[in-house]
Amino acid sequence: MEGGVQLFKGGGQVEAVPEEEDTGRKTQRRARFAERDESDDEENEDDEGFVSGDEEDDSDAEVEFNEGKLGKMFRKDADKNVDEDDLAFADSDSDLGSMSEAEEVDDDEEYDSDEEAAALRWKDNLTGNALKLHGKRRTYHTGDLARLMYDDSMTPEDALKRWRGDDDESEEENIEDDDDDDFFKKSIPLYDYEDLAAKWAEEKNVEALRRKFTSTALAAGDDEDDDDDDDMEGGEDSDDEGDGVFEDLEAEDQDEEEKQPETANDIEAEREKNAKRKEELKMRFEEEDRDGFLNDKSNARKEGGDIQEFGEDDWYEAQKAMIQKQLDINKDEFSNLDERQRTAVEGYRAGKYAKIILENVPAEFVSLFDARRPIVIGGLSPTEDRFGFLQVRIKRHRWHKRILKSNDPLIFSLGWRRFQTMPIYSTTDSRTRNRMLKYTPEHMHCFSTIYGPLIAPNSGFVCFNSLSGSTAGFRIAATGTVLSVDESTEIVKKLKLTGTPAKIYKNTAFIKDMFNSSLEIAKFEGASIKTVSGIRGQIKRALSKPEGHFRATFEDKILLSDIVFLRAWYPVKPHRFYNPVTNLIGWQPMRLTGEVRRAQGVATPQLKNSQYRSIERETRHFNPLRVPRALAAELPFKSQIIETKKQKRDTYMKKRAVIMAPGSEEKKARALMQQMLTIRNDAAAKRRAKKEENRAAFQKKLADNEEKKEAREKRETKEFWRKNGRKRAADENGGGGKRRK
């Protein structure tokens, strides 16, 4: 084109394109990423090594990124110049070699690439770094101070140093990270050789060390596993760092020792060790699982009301598994505490010896001490220190001869306590009320209300009338169980109020002798009453005169001779009596009323109204029924009243009445004849009964003979027809042939 090209207004014309020197990119564009936290790197580990294809190639923005995460084909040109045609393939990252080899080949890398290559070496000496971060003990921990101060194997200065963490750096030499070929480093602990010489001079330490060699190491069991775990946690006294699967190649005697065959004990120990590891792994899964037992969020969801449906058997199995898991968790957590802390949280475990100091003990406890009677100490829950009324179900023991009476003192052995109280027996009356019983029923349970310490329901107990060894018969009076704990008691006693009619109208009557004042009648207005004959009624209101009379209505007209009674219920309150049995310091129980009267020689008072007497009822004479003649004439024939008319003349027997003197011979002869006739009639009756008995035996014999005769005739008939039937069959078929044998 002539004259060139003008690119801009007012500019000159361009004749030719000048050669550009050092322009454009000679290498691939590198991406730079902003710095991220380690937590973000861990979350995005799955996305590492992938390059997004959505980025435009024309973008001038440069983003820094780690080239070590890219494949060899996408790295810098310096890396491509090594071998552009060959690509390295391997089954794992470790087979491709370390990234540090590329740094040794190319020493002219930029500073950024050095940092990127160094970032790839985070896996080098992984165990050593973990021990540095997590292997150190916690400093200034109160539990460790208590344990170290009571450790006789170290001085107080050493204990303070270890508690502060000053000796962590002096016990082991620092691990050098320069050599990339060594994956694991041996830690060289510093020892006090004078103490070691004194320690190994003793034979028992040498014997203990000898047991740890060869196959006996596996037979050591859980103790050795615990030691290994302690060494791994503390970072001290550990000969090899890692998970125990690498051998110490520097040991001189390693190649010379011959491997001994594993025994059955070694295999069992190895199985136990593997089972323990599996259990730990399972607990970790439970913590990480969304529905795991050890996951706090899972437990919160369950407490929030999420309903899980189980079968009956599955639910019980799930509950037992949950309880067992919780026990295992508690056991693992308590094992990390020292003895003092574990005692403060868990209490004293079974099998521990404890020293107990008893305060405010009476002097009789020492003066009446008997070594043959052991002292049993038990624990009481906080609720058992409270007192109230207990509802129990009780039954008299079948071997106890006497029945039990309400309000009689009885000794209860309930829980850790033995005490004397006064029970009141009751039973349910149609499930509406608890009706008081004067005595315990025979061969069945009943309810009882006692005053004593509050015990959990379903706790069993036994009762005694006396604890003395001289008691005749069976000492256990009753047995039972606690039903409920309730301060309020609702026990009622039946009360019958009786009265008699004062004046009777058609269905209304005035009743007297039941109440004494109008106030008492006002409390029972509307109550149901009943006569002995069964006529029901109701109390209406009190009469103005006389005092204590009231008006009542009935279903039918009552008689003046009827007795009217009112059935009421009177509340009964149990006595708040509690007498603990202190048999080790002497104890005097509350005695029965009969025992007190017997000891003092006082006769039992006989109340007139309380005595049992025969009931004498007057014979009632009812007037004959008078039916009017007009009404009798209208009755049907079957209902006609039959009356015998009086005879106008005397009968023959009335006219000829025999009158004999009391001592006459005629009367004696008549009496003798009657006696003889009576004897004769009695003998004839016996003879007739004997004859009937013989006739019955004879009839039975005839019946047996008749049965035998019928059986014989039947058998003979069968035999006859069996023989003659063959002959007839042969004749009908034509008997000209040869006789069959």
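Cβ coordinates are placed from backbone N, Cα and C, and glycine is handled just like the others.
What TrEMBL says about a protein is an automatic prediction, not a curated fact.
Remember, predicted model here, so these are calculated numbers, not experimental data.
The feature compositional bias 'Gly residues' is assigned by TrEMBL to 1-13.
Summarising the annotation, TrEMBL assigns compositional bias 'Acidic residues' to 37-65 (among others).
Annotation source TrEMBL lists compositional bias 'Basic and acidic residues' at 66-81 (among others).
Among the features that TrEMBL reports, compositional bias 'Acidic residues' is placed at 82-94 (among others).
What TrEMBL lists as compositional bias 'Acidic residues' is 101-115 (among others).
The compositional bias 'Acidic residues' feature in TrEMBL is assigned to 166-182 (among others).
Annotation comment: TrEMBL describes 221-267 (among others) as compositional bias 'Acidic residues'.
Residues annotated as compositional bias 'Basic and acidic residues' in TrEMBL: 268-282 (among others).
TrEMBL lists 690-722 (among others) with the feature compositional bias 'Basic and acidic residues'. As a summary of secondary structure, the compositional bias 'Basic and acidic residues' (690-722) carries 33 helix, 0 strand, 0 coil according to DSSP.
Taken from TrEMBL, the feature domain 'Ribosome biogenesis protein BMS1/TSR1 C-terminal' covers 256-572.
Taken from TrEMBL, the feature region 'Disordered' applies to 1-115 (among others).
Taken from TrEMBL, the feature region 'Disordered' applies to 156-184 (among others).
Per TrEMBL, region 'Disordered' is recorded for 215-282 (among others).
The region 'Disordered' annotation in TrEMBL covers 683-741 (among others).
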Residues of the compositional bias 'Basic and acidic residues' (268-282) by DSSP state, where helix covers H, G and I: 15 helix, 0 strand, 0 coil
Overall pLDDT of the domain 'Ribosome biogenesis protein BMS1/TSR1 C-terminal' (256-572), taken as the mean: 85
